[in-house]
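Colleague: Could you have a look at this structure, given as structure tokens, before my questions?
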Amino acid sequence: MPIYDLIIKNGIICTASDIYAAEIAVNNGKVQLIAASIDPSLGSEVIDAEGAFITPGGIDAHVHVDEPLKLLGDVVDTMEHATRSAVAGGTTTVVAFSTQDVSKKGPSALAESVKLDVDEYSEQTLYCDYGLHLILFQIEKPSVEARELLDVQLQAAYNDYGVSSVKMFMTYPGLQISDYDIMSAMYATRKNGFTTMLHAENGDMVKWMIEALEEQGLTDAYYHGVSRPSIVEGEATNRAITLATTMDTPILFVHVSSPQAAEVIKQAQTKGLKVYAETCPQYALLSDAITRCHHHGEVESYGVGIDLSSISESPFTNPDDRFIGSKYICSPPIRPEGTQKSIWKGMNNGTFTIVGSDHCSYNYYEKTSTASKHRAFDPENNKNGEFRYIPNGLPGVCTRMPLLYDYGYLRGNLTSMMKLVEIQCTNPAKVYGMYPQKGSILPGVSDADLVIWYPDDSKKEYNSKPKLITNKLMEHNCDYTPFEGIEIKNWPRYTIVKGKIVYKEGEILKENADGKYLKRGKSFMCTPKNEWVTEWRPKYES
């Protein structure tokens, strides 16, 4: 008689710290038992892993959904689309963003901003659990009183909705926040144990560079990257570390792309500072050749470890179409060839604590009443495809796990499969207050969020196993993927969320979708050192 909801047999469990052959029993959405052998008759459902890896479900803590006109366009994925795409690629938890609603005032203002999003997403079919970060871009009272009010607002957001992380921007008109306000925010995030996230680019440098390029008529998509050179990211990173050191506040840099920024981060970590960082697959795998070739009409290499000759649907099919490069515009930008090795190095040596996707999906063939191809083309408003009008962002929540499995683990750019689990599953859970419920495989404690991959060494042919990345495979609402046509050697065979199979051999099982809003705890890693550079102390430390 069955006593377990699900049994997984003949698998190789891989966690952040160990790899071993074992079998797993699941009950009531939790990992119930791990043993060398489990009687299959005890399970209502049984999966034979056939010697493949079983990993914790991936955690993508950098996902943008439902964001209208934030950065020049509409993000086309709802939370439903994003979670569907996530599970198709082995991610079982996403953390998206709730942008501060500046019309809300008073102690509950931030909690009310979160409530708007939670209420909206509760009406959608969700394929996995999700959490929310807060995007903070305006301090209600730009004065000493601001930090005290923000303290109360953060407490309310945590108590009501389990939000324990705040993101701020050092660039983008309308979102860029001053150093003064960053310090005020750090005052409050430190007190409340929030993870402080920063998009580090010097916004004033970017603004100046954009205007200087436009003055010379250099406005193709390629020049987006030229306007945001590595030094722009490096300067802002160094400045943010200085602010954080002054405030004794742990910080996490999101989507780091620059070797210069990575070096500054590693130096701070070597000094014992509480500095963490996230990078993304696009910075390890793509190079700016993908935009440069359209600008110069040349076909060059795609990036590190990716052979264009094997790509069936080459992004370089029409090198004369300079606007195709807009498919690869993100901020920070994809960097020149040769820099990607430093990103892999950072994943292996601890510079990068986590890997997120920065999923931010904009349609390439978006049309408006006055635009022939894209919102960036709007002659009535003097828009002719200039890079300043192209939305910044790439879809990527589905490809994050498989790309690092193949181009990281299988091809030797990551030191081990355990490293993949550490930076894609376990560390995100620890950094963002979800461990050990998420990001681990611990009996009686962890949610049964699991990924069963295809066997790597099997000679058996699996018709459901993809060989190339295609947009159809993504299960998102976007009309392209930047990795179209790229060879892929493995892919999730089964994605299991809280004990239910939601993705099986290429098929989404909508009837098993049961994602919920996830209230998070405080970070396991982002705790202050209680070391100060001056005699000043926050009042709450007095």
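Including glycine, each Cβ sits where the backbone N, Cα and C put it.
Pulled these features from Swiss-Prot for this protein:
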- H62, H64, K167, D358: Zn(2+) 1 binding site (BINDING)
- K167, H199, H255: Zn(2+) 2 binding site (BINDING)
- K167: N6-carboxylysine (MOD_RES)
- Y172, S331, N392: substrate binding site (BINDING)
Colleague: By CA-CA distance, flag whichever of H62, K167, Y172, D358, N392 among the binding-site residues is nearest to H199 (Zn(2+) 2 binding site).
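Modeller: For H199 (Zn(2+) 2 binding site), the closest Cα among H62, K167, Y172, D358, N392 is found at K167.
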Colleague: Looking only at C-alpha atoms, tell me how far Y172 (substrate binding site) is from H64 (Zn(2+) 1 binding site), rounded to the nearest Å.
Modeller: 16
Colleague: Express the distance between the Cα positions of S331 (substrate binding site) and H64 (Zn(2+) 1 binding site) as a whole number of Å.
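Modeller: Each residue's Cα considered, S331 (substrate binding site) and H64 (Zn(2+) 1 binding site) end up 13 Å apart.
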Colleague: What does DSSP say about H199 (Zn(2+) 2 binding site): helix, strand or coil?
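Modeller: Where H199 (Zn(2+) 2 binding site) sits, the three-state DSSP reduction gives strand.
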Colleague: Starting from H255 (Zn(2+) 2 binding site), work out which of the binding-site residues listed here (H62, H64, K167, D358, N392) have their Cα within 10 Å, and give them in sequence order.
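Modeller: Within 10 Å of H255 (Zn(2+) 2 binding site): H62, D358.
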Colleague: How many other Cβ atoms are found within 10 Å of the Cβ atom of N392 (substrate binding site), counting all protein chains shown?
Modeller: 21
Colleague: So how many other Cβ atoms are close to S331 (substrate binding site), meaning within 10 Å of its Cβ?
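Modeller: I get 23 for this one.
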Colleague: Using a 10 Å radius around each Cβ and all protein chains in view, which of these binding-site residues has the most neighbours: H62, H255?
Modeller: H62
Colleague: What number of additional C-beta atoms lies within 10 angstroms of the C-beta atom of Y172 (substrate binding site)?
Modeller: 18
Colleague: Near the Zn(2+) 2 site, what residues other than K167, H199, H255 in the same chain have a C-beta no further than 8 Å from the centroid of the listed C-beta atoms?
Modeller: H62, F169, M197, L198, A200, F253, V254, D358
Colleague: Enter the number of other CB atoms within 10 angstroms of the CB of D358 (Zn(2+) 1 binding site).
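Modeller: Within a 10 Å radius of the Cβ of D358 (Zn(2+) 1 binding site) lie 28 other Cβ atoms.
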Colleague: If H, G and I count as helix, E and B as strand, and all else as coil, what does DSSP give for D358 (Zn(2+) 1 binding site)?
Modeller: coil
Colleague: Would you mind checking how many other C-beta atoms are within 10 angstroms of the C-beta on H199 (Zn(2+) 2 binding site)?
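Modeller: H199 (Zn(2+) 2 binding site): 24 neighbouring Cβ atoms within 10 Å.
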Colleague: DSSP three-state call for N392 (substrate binding site): helix, strand or coil?
Modeller: coil
